[in-house]
Structure formats: structure tokens, C-alpha cells
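> Encoded as C-alpha cells, here's the structure I'll be asking about.
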């Protein structure tokens, strides 16, 4: 008897039943034969009869039919809501998503985010420095120059490149995390540990110059010396002798030196020496270590080799480095130089760079069309077949400026191309943000004083004109004399109304200037003709009449609505002043405006109010309630000694929150707090503001209070004031500033002095001092 078949597939058994049923065997006989072949674990007789009946009714499929199964909870509406939540906060986590969608499990949320929406979390890429437009332009120019040379000369250009740089080599270089990886088996005893290590203080500065064939020069700097222009020139002389000995004929061809733009490399003496050598210096863009072969290729491999190795002396370290550099294969050096082609090509293949190249090509053609026509045609032909649609569209648009299809004469864009692309742009004006506010106030004071002095001078000129006219009128008729005598009476009646009270400090500083201006005006008025005198007198009378009308308007009583709408007269809210002699961090000022004397401190409005918020209550611990806090750098309405803190309440839960208020407060001695207005109802996804006032009482201790929701839920919140939020800007004369600086009672007393121009406020040097005491 043959061996039985174990574990048959269901479709196989059903196929056998269909075959035997087609031979008109009874179900009992079919079941007996199945047991003989497949054993007792095969399909029972009842199911055999069932399948025979289905085959007799016309079924031909031996596989199971598809079933609808359990209905999926993933809907398009749910995916849209999850996607909107992720777009609102890219840093959100599955815990926060589960709070926002409590009915959906974490596994289902993970399936929606990863499989249906296609999201996956990535970390931000670390870059050494953010490049500005000038740096990017230099990178683009260097890349374009390199690729054009490589396109023209080919590998011969790479053979001429000599590159080098300096690096520190330590006695103990800790291995990286990637180097510490090892194969781990499930039966391995324990996961290896890696302890934190630091670079050894004993180190040697190594200068390495190399080309595509190998190392040309390895020079170690003696201890106690620094790399300057003279030292680097000595190294370059050694490099020239090394090239002469190791690369025969290279000096006669041409050497292209590629080094970074460090100060010793770009010094005047270094450039003079390289000019004597007749070497070409390839321009290296600033802050671009990714374009220095020593940084991205050779030194990284050297540090990986030295990682985890400890050396006992400098000689042992130098010998190891020299041996490794000499034994390194020549292919590695050639690969390092060849990587420059891909890296420079990557600089030009960015979409932003390509758009800049198209604009630059148009400008080059408009400036010098004869020499740049072929180059511009080549650039636009490359952009025509670019993969990015924006670049192709920009190329088609810009092409009409320099290569129009209908000809230059019939194209309107080509006629105005120079006005659009070669227009001169004004240079940016650098101004201080502190100077604007102070100059405005000083200009207002100066204009009032100048108006008073000008009006006095006009009155004096009117008196002289009236005297001259009266002397002439005595020789004329009586009617003319009466008209002439009426003018000085008007001027005399208007004279006291035009005068304004002037400060003694301003009169002392500007007395000399007023005397000079009055003498010059008197001489000018004496030399002027009689017609000009009459014109000035008419202008003065018109001005005085307008002044009288304005004075009459100001003398009228103002209604409550007028007082409410005149927002310019309301002084800005000033925060308390922080000075050591006035009593501490938050000493309020009793008077909003103080005259500037030798013993006065003038508060200054905050030049910057931060918009950054701090999380006071997390929505996870708050069960859907999120509270953010922000210091507004202004006093609270309840008391000027309190700091106003803005709170933002957000309901991120699934139910409305009711009766949100402060239930308990835990304050240190001497501190006080004014609660925010209770919130009756906070709907779902709603945001409501609130304000609290805190008097820290010259202390940096935190304020703890409890936020209750509906009388059931209690959330503990702790508010700590950063020292920077208790800083207040003040303006004071220089003698008082020196006195306050000497009287500081704390040794860690920091003064950051901002000198204003000497022309502001009585032409005396004023200091705006930001004083901060760290306890």
C-alpha cells in the first residue's frame, strides 16, 4: 500500500471530489477513497456530499469565494481629518493623534499615516551655516567655472589640481557610533555599551597636500607655533619642491591650487608668492566644506582609521599617519578629486540655481551679446529639456527677451529687456531700530522750538516793516497812514499768542545757533526789496490768522466722544523700570513723563515684543485642554506692579469644556496674582484668550496655581518668569549712568550700553542702558 498524503490543500481535495463525482461515484464511495489516500484528517462525509451536490448543480470553481469580511473603519473622511491634523503640526506624534481621535486605535492610525497617506518621519539635516544670496552666487560661479574647465580639458584638468588643508590629529580619537557596530546574535550574552569619550588634549597639527595620484607633502607643525601667512608660505615652498621631485613636468604644465579661503591662505604675502610660482588659484566659495576634497574625502577616512586607537607619543602618531597616507591606494586619491565633478554639478542642478542661471544668461547677453550669444543659446537649450516644468516654462518666457521668434524689431519684450533686467537697484539703508523712535520725539521737540523762534523772527520783521511803512505813510495821505498804522497793532496783539514756553535746557544749548540765525535773517531782510517785505508780511499775517483759528478751535470744550477718539494724546503704556537704585526688578514709575535733567531716568518703550509662547499646560495632561503663555512686557491693568501674561486656551478634546477658572494658588510670600476671567464654555477646537497679572516682588520663584475645569478636573500649572522678561529699557544722561553703574550691589552686573547720536536731546550723549541683575 502506498504512503498516505499528509496535509493536503483544500483545493486539491475538492478537485479529487469533482473528478470522482464526474465518474458517477456515490458520495460514500468518494469519502472512502479519500480516507484511504489522505487519512482520517481529510474532509468529513457531510462536506463531501455538500460539494458533490454543488458540482452537480453546475459549480466548477474549487477555490473559496471572496467574502466581504469585516467592514473597514478607514474612510476618506477620516484620512482627510488625519492629514489636516498632520499638516497643522508636522511634529505631532501618535499619542497626540490618538487624543484627537480617541475612537481610532493606534495601530489603525499608524496604518492610515504610513500606508494610506504615505508619511514617514525624518530628522532635520544639519548644515554648518546658512548661506545668503551672495554666498550662493559665488558657489554657482565656482561650479560653472569648474564644469566649463572640465568640459573643455577633461581629465587633464583634474590631473593639474593640487589640494590641501590643515587638520588636528589627536593622540586619542574616539570611535564613532557607526564604527562601534558589531554583529549580534540572539544567543549573544549582552548588548555592548559605548561610553562617552572626548578628544585628547595632546594633538598635532598636520598639513596635507595631495593630487589625484597620491600625497605630495605631509608637514607637521611644531608645538608652540601658529599658522600664519609666513608659516603657510614656507609650507608652499616645500610643496613646490615636493612637486618638482615627485611629479616631473607638472610645474611646466600648470598647477591649479585648490585650498579654502582661510586668512593665511588669502593673505597678501601668500598671493604674491603664488604669483611668483605662476600657479592658478581656483576660487573656493566661502562656507563650503562640501567642495573641499580634503574635508569630505581624505580627512574623514583618516579620522575613521584613527578612531579607537590610542598613541603614547607624537612620534608614534606622526609615523602612523605618514604610513597610512603613503599606503592608501592611488584610486582613493583619484576618487576624491573626481567627486568634485559630481558635487559641483549638484550645485548647478538645484532648481533655484537653474533659475538664477537663466536670469544671469539674459543679463550677460544684454551686456555683451557678441561674446555670450553661443553660451546663452547653450544654456537655454539645456533648460528646454529639463525635467522640471517650472524651469522649462521660465526658459520659454526668458527666451523671448533675447531670442524672440518674430525678431528683435517686432518684439516688445526685447525692446524693454534692458530696462527690466539691467535696472539699477538702490542700496539697502542700514538704520537702527532704536534711533527711529528717539529721533521722532526729538524732531517733534525741535519743530516746536523752531516754530516758536521763527514766529518771533517774523514778528520782529513785521515790526520793522510796519515802522518803514509808517514812515512812508506820513508823507502820503491820511487814509494810507491809518492803513499802515493798523498792521503793527495786529502784530503786537498776536505777538504774545505766538510765543510758546521754552525749556531752559534747550535755550542754553541753542542760544548760539539762534543768534547766528537771527543775524543772518536780519542782514537778508535789510538787503531785500520792499516788494518782498510786503509778500512776507502777507504770509505772516495769513499764518498768524491760521494760528488764531487753531487756537480758538483748541480752546473749545471737547466732548467725551472727541476725547475717546483722540488716541494720539494717550501716552503709551510703560512697563516698570529695572534699575538697582530704584528698588529692584519691578519698581513702578509714579509719573509717566519726566523732564530730562541731570538726575532723571526716562523709561523707553520696548523695541521688541516676542511672539514666542511657552506651553503652560499640555493637552495630554490637561485631557484635551491646552494652555500657552506669553509675556507681553507691559503692566497689568489691575496693578502697575504686576506683569501682564497672556494665556491662550485651546480645546483639543472631543467634548466641550465648561467653567474654566483658577481654583487654588500657591504663591511665595510677598507675591500676588490676579486671576484671569473665568471661561464659561470652551467648545471643541475653539481658542480663547485670557490675561493674568503676577507681581513677582523682586523674585524669580515660580508661581503655582490650579486650573479647574467644570469643578471636577484639576490641572496643576507652574509659571516661571525668565529673567529676560523682567528687563526694562531706560534712558538717562551719561553722569547718572556712571553713578548707577558704580552703585550696583551685585558682582554679576551686566550693562549693555547702546549709544545714541549726540544730536538727540540737547546734543548731549545719551545712553540707553539695558541693565540686568542675575541673582
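If you go along the chain as it appears here, the first residue is 1 and each next one adds 1.
The backbone N, Cα and C atoms fix where each Cβ goes, and this holds for glycine too.
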> Pick from 144-170, 171-197, 198-224: which range does TrEMBL record as region 'Disordered'?
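It is 171-197 that TrEMBL annotates as region 'Disordered'.
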> If you average pLDDT over the domain 'AP-3 complex subunit beta C-terminal' (557-701), what do you get?
72
> For the region 'Disordered' (171-197), jot down how many residues DSSP puts in helix, in strand and in coil.
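Secondary-structure breakdown of the region 'Disordered' (171-197): 0 helix, 2 strand, 25 coil.
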